[in-house]
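Please read the structure below before turning to the comments.
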Amino acid sequence: MQALNHFSRIRLSWFLLLLCIIFFEASALTFQHIMKLPPCVMCIYERVAMMGIGGAAIIGLLNPNNLIIRWCGFIAWGISAGWGLKLALEHVDFQLNPSPFSTCDLFVTFPSWAPLNKWAPWMFEAYGDCSKIVWQFLTLTMPQWLVIIFAGNLIALAIFVIAQFFNKK
């Protein structure tokens, strides 16, 4: 655990987290623009949650040896991964239990101070159906993979948070 504590205090750990998020975001854009799979509202919200983890990685990169900055990164990571997991589970439910009484919104809704779909519609505009399964890999749908990814992030975060209490004396 001391090794993980030390690893969380160097920029490499936060940079690796950021690289993973860049990979996932690039994958999402590849699905959208190269494979022509239309993103739905939940896909866009899950994309924003993933970017939140990227933001947490950037916070940690600033000065991971500083206790306050490192914990701000952990908190942002946890909030973003938790929100992403909630969204992905809801998205899986839309796909596996389609119902006319339980559907996702028709349009993305962002705050007026951050209308991401207006600023970058190529990345944040949704025009797909949340309940439609458009892609599978190893029998899992995209939202099911996102459940694994966000849950994996929460597990990794928990391990790093626990490691914070194992200091060299």
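From the backbone N, Cα and C atoms, a Cβ is placed for every residue, glycine too.
Since the structure is predicted, the reported quantities are computational estimates derived from the model, not experimental observations.
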> Is PRO39 annotated in Swiss-Prot on the same side of the membrane as ASN167?
Replying inline: no
> In Swiss-Prot, CYS43 is disulphide-linked to which residue out of CYS20, CYS40?
Replying inline: CYS40
>> According to Swiss-Prot, the disulfide involving CYS130 connects it to which residue among CYS72, CYS104?
In response: CYS104
> Over all shown protein chains, what is the count of other CB atoms within 10 A of the CB belonging to CYS130 (disulfide bond)?
Replying inline: 21
>> Distance check, please: Cα of CYS40 (disulfide bond) against Cα of CYS130 (disulfide bond), rounded to an integer number of angstrom.
In response: 5
> List, in sequence order, the same-chain residues at least six positions removed whose CB sits under 8 Å from that of CYS43 (disulfide bond)?
Replying inline: ALA28, HIS91, ALA126, GLY128, CYS130, MET142
> If you count the C-beta atoms lying within 10 Å of each candidate's C-beta, which of the disulfide-bonded residues CYS40, CYS104 ends up with the smallest number?
Replying inline: CYS104
